[in-house]
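According to TrEMBL, the protein carries these features:
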type: TRANSMEM; residues: 39-57; note: transmembrane segment
type: TRANSMEM; residues: 69-86; note: transmembrane segment
type: TRANSMEM; residues: 163-182; note: transmembrane segment
type: TRANSMEM; residues: 188-206; note: transmembrane segment
type: TRANSMEM; residues: 213-236; note: transmembrane segment
type: TRANSMEM; residues: 294-318; note: transmembrane segment
type: TRANSMEM; residues: 338-361; note: transmembrane segment
type: TRANSMEM; residues: 407-430; note: transmembrane segment
Amino acid sequence: MNVHGNHGKNRGHESEVRWIISSVIDDLTLSSLNAVNSYLSSVIYVLFIWAECVLYVKKVLVFFASMEWYCYALLGIITALMSFFMDMTVAKLLNAHQWLYRCLKGHHLLQFLCWTLYPACLCALSTSFAHSICPFSAGSGVPEARAILLGMDMPDYLSLSNLFAKLFGLICTLASGSTVFLGKVGPFVHLSVMVGAFMSRLHVSCPAKGEMLVVASAVGVASCFGAPVSGVLFSIEVMGTHYSVRNYCPCFFAAACGAITFRLLSVCSTDQETIQALFKTSFSSDLPYQPFEIFIFVLLGLFCSILSCIYLFCHRWALRFVKTNKPISRLLATEKSLYSAIVAFLLACFTFYHSAGHFIASELTMKQLLTSLLDDTSWYSVSQNASALPEPQKTFWQAWNPPGKSYFQTLGFFITAKVGLLVVACTLPLPAGYFMPVFVYGAAVGRLVGEGSAYFLSDGISSAKSLINPGGYALAGAAAFSGAVTHTLSPALLALEMTGQCSHAVPALVATLVSNAVARAKHRPSFYDGISLIKKLPHLPSLIRAYCTLKIMFQYSTMMVLLNEMSLSQSDSLRLWLYHVFYFFPCLPDSPTLLGTINKSQLREHLHQHRNEVIEVIMC
């Protein structure tokens, strides 16, 4: 009986404990549910308030301007942020390499390994990363972006994977330094175009894709150098075959936003004390040049045009050779990273200071090279008292005037050797730009002409005893050579915006016009047109020829229907059509939109030059 009683008491206690536990669990469940409900309600309330605030801000913003303009401003700001942080990262990597190289001073073997293996590894990393993430990220990207603006459907070149691959690969390429001697303008234009394409897909308030890409191409140049006007001119000259006037103001607005953001970031990072030009110069504005010097600037433009023709010929030949040579093409098809490492290692071996590097100032970075070449102080006058030079001018002088050599020999060897080095570097299958190396090369050409003029006219010009400013010749040479290579005039304005120097606007423009006139003779392709030819991408000359030929044949077939009613033969009909019917002919697409007209005499000359093609089309 006691056992059963104890069991009953235990069961009673267990039931009480279970009841207590269940009541506690119920209380906790109710309290937790209440807490979750209150939390969710507060979150929903906050989101509702946030949505209301966003709608209110949007209404306020739309009251002042449409959302398209805010998209343009956002595009400029994002591109400028990318450019600034890329420059900051590259500068840290270059400083680390230079610090390690200086620490190994006195150990030539270790210095050689540091100088050669560092860029070789970075180029291999850039190639492998770029091609593993997106195989379309190699190269400049300007010909591809131009083909997209012409209407080609190339979605892989505008993907986010391509953006990240090109961004990382370009950082590694630029961190290789002046050993590889490559820039960032072309890839950054492509990056800006990809950002613009992503923004146009992201929100319905953004402008149309084509308009956004045109604006983005201008923003890319403006965010690289803080030069909005030349960025817009670049988008007009390089990126499009025809330019819509309605894109003019958006391009300027977005480019100005990008340039201002880029310069403000430089001030905030204490790189600059105030908003100023990227390569600030201090040329004398009282008497910057004598009228007689205009003839020297014309000769400089001629010299730059001849060098540009040589460079473009070598560049196209190198691209074709790499593509047709079986061992190299096989290596590029299977081991792109190995090819990049080998080429970068060979370039580094040549530019090593104790080999041929001390003849081409290889220890200076690309920015230091351009800064030293744009210096307004004549090196002839510096040679008279070099010990009194302040830093960093003393370092620059020692780089261009090594022991036992004169600066004329250094500049001459730099101009001779850099053509071959740059042509070889252009074959690397990695993200890289080719405008800035050409710009620096042109500055070296102009500096050589300026120093030669200053040496032979060391007593001054005329009775005013005005000394020649070699930095002005370097400025004009940079604009002339880069303009001749790209067949554009925007480098003349870019040189002025980059240096903040307006005193040499006329000489720079004269030299650029002369170099362009010679470089464009006989319809030679520009740098970007040459790449388009190699890659079989559409560009302006090929489109004009194909388009006009097709439209002329379309008009001819339409006209033949009318002439056949007159019972004339094909030869008589063609003769009548070309010589007696019209004085000019319209070029029309399938839709009734007039693109332009072609003169009858030009049409006859064109058909005479391509008479075999015309006969084949007519017979078909």
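Placement of Cβ uses the backbone N, Cα and C atoms for every residue, glycine included.
Counting Cβ pairs under 8 Å to the transmembrane segment (338-361), the top-ranked stretch among 69-86, 163-182, 213-236, 294-318, 407-430 is 407-430. The list of residues near the transmembrane segment (69-86) in space but at least 6 beyond its ends in sequence, with Cβ under 8 angstroms from a Cβ of it, reads 61, 167, 170-171, 174, 184, 188, 191-192, 195-196, 199, 203, 205-207, 212, 215-216, 219-220, 222-224, 250, 253-259, 261-262, 265-266, 269. Ranked by the number of CB pairs under 8 Å to the transmembrane segment (294-318), the listed stretches 163-182, 213-236, 407-430 are led by 407-430.
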